[in-house]
Amino acid sequence: MISDNADHTGDVNTSSESQAEDAQQQASVSAIPQPDSVPIGVPEITRDQLSLSKRLLNWRTLIPLIIVIVALVYFAQKANINPARTWEAMKSANLFFFLAAFAIYYLSFGIRAWRWRLLLENVGYRREQGVLLPGFWKFVEIIYISFFANVVVPAKLGDLYRAYLLRQQVNVSGTRSFGTVLSERLLDLIILLLLFIPAIIVSLHEHLPPQLQLSLELLLGAVVLGILSLFVLRQAREPIARLIPARFRGQYYHFQEGTLGSFRRLPILILLTVGVWLCESLRFFFVAVSLHLIGGSILHITAAAVVIGLAEALLTIVPATGGGLGVVEIGMIPIIGLFYTGPNAVNLSTAAILLDRTISLFSVLVFGGIVFLIAFGRQTTTKPKKIYLDNMDRA
């Protein structure tokens, strides 16, 4: 009798332990990213929530824009910029070199599309895993629309648009896709700084002002901090996950995989990123050559163009206005002044900035608007799809 009770008790204990193990396994499985299906209970993200028109007419967009316009007018008066002389300088620009700058800038969109596709494949979006990514030109279109969104409104809304537009094309995790965009941004920043700092050293030699030297030290510190952050995030994946509430842990795994899992095939990604920034630098190089803005050896002109072009890219990081409008124009005048102090310097520098921004800002605004209208016009003629982004995308 005692033996039977003991056996029964043992069976109960074994059953309880088995149930506990099953519950633990289910809990651990639920924390791991599952296939990219729409999470239950996650609200639908509509096009209205990412409406450019609503954000463009928002006071958070309009007030900084008005302030920047006033600042530009004030700066132009204080800098003694002569509109007539600036216009004459722009008209005298060599058309061939200006068109070369235009072409090299638009070449960068193809490189960006190729790179983003690699990043997405790195996190598991391949045909072998049942994910059929869009074609090359669709990637170019998505990235171009994201640039248009960044030009129209501040706060880098275009980065979120990329994940949103990709989700409309193929059923993938919005968080993981957005993670690849962030990893791309981080890779951009690291390579940009690694190109920018040597270019300053080559172009300015020992004539670096103390303020600029301090800026270089801060930039180097930012590069080191970025690399260390990547290392810490990769090594501390599970400890960080344990600090996150269980219901958000799946989104964290998706986000972490999208951000750090993207850095496979790193040599190719680095080469493509260098190609992107070379296109940005060559754009200003051809603009400068078209105006005979910078003299000296070809090495000096190239290094100066790299410094100015990459400095412009750094200025666009400030999310105060769409496309860095106002911040870039005001910031580039003293940067160009480091390399050109000849006669009519202010007006010639202003002409170079306006020609450069015609390519990188106004052309994206015009052509991007056309592409945006065509792309969203196509969607209204097809059966609408419900688009979901997980909690990280809505944050």
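Each residue, glycine too, has its Cβ placed from N, Cα and C.
Taken from TrEMBL, the feature compositional bias 'Basic and acidic residues' covers 1-10.
The annotation region 'Disordered' is assigned in TrEMBL to 1-36.
What TrEMBL lists as compositional bias 'Low complexity' is 15-31.
Annotation source TrEMBL lists transmembrane segment at 57-75 (among others).
Annotation source TrEMBL lists transmembrane segment at 95-115 (among others). Below 8 angstroms of C-beta separation, residues 136, 139-140, 142-144, 147, 184, 269, 272-273, 275-276, 279-280, 282-287, 289-290, 355-356, 359-360, 363 of the same chain, each at least six residues beyond the ends of the transmembrane segment (95-115), sit close to that stretch.
Feature annotation from TrEMBL assigns transmembrane segment to 135-153 (among others). Distant neighbours of the transmembrane segment (135-153): 52, 55-56, 61, 109-110, 112-114, 116-117, 159, 161-162, 165-166, 169, 322-323, 361, 364-365, 367-369, 371-372, 375; these residues of the same chain sit at least 6 beyond its ends, with a Cβ under 8 Å from one of its Cβ atoms.
Annotation comment: TrEMBL describes 186-205 (among others) as transmembrane segment. Within its own chain, the transmembrane segment (186-205) is flanked in space by residues 212, 216, 219-220, 222-223, 226-227, 230, 259, 263, 269-270, 273-274, 276-277, 281, 299-300, 303-304, 306-307, 310-311, 313-314, 338-339, which lie at least six positions past its ends and keep a Cβ under 8 Å from the stretch.
What TrEMBL lists as transmembrane segment is 211-233 (among others).
Marked as transmembrane segment by TrEMBL: 266-286 (among others).
TrEMBL lists 298-318 (among others) with the feature transmembrane segment. Using a Cβ-Cβ cut-off under 8 Å and counting only residues 6 or more beyond its ends in the same chain, the transmembrane segment (298-318) has close neighbours at 192, 195-196, 199-200, 202-203, 277, 280-285, 288-289, 324, 327-328, 331-332, 335-336, 338-339, 356, 360.
Annotation comment: TrEMBL describes 325-346 (among others) as transmembrane segment.
Through the fold, the transmembrane segment (358-376) approaches residues 47, 52, 101-102, 105, 141, 144-145, 147-149, 151-152, 165, 283, 287, 312, 323, 325 of its own chain, all at least 6 residues removed from its boundaries and within a Cβ separation under 8 Å. Per TrEMBL, transmembrane segment is recorded for 358-376 (among others).
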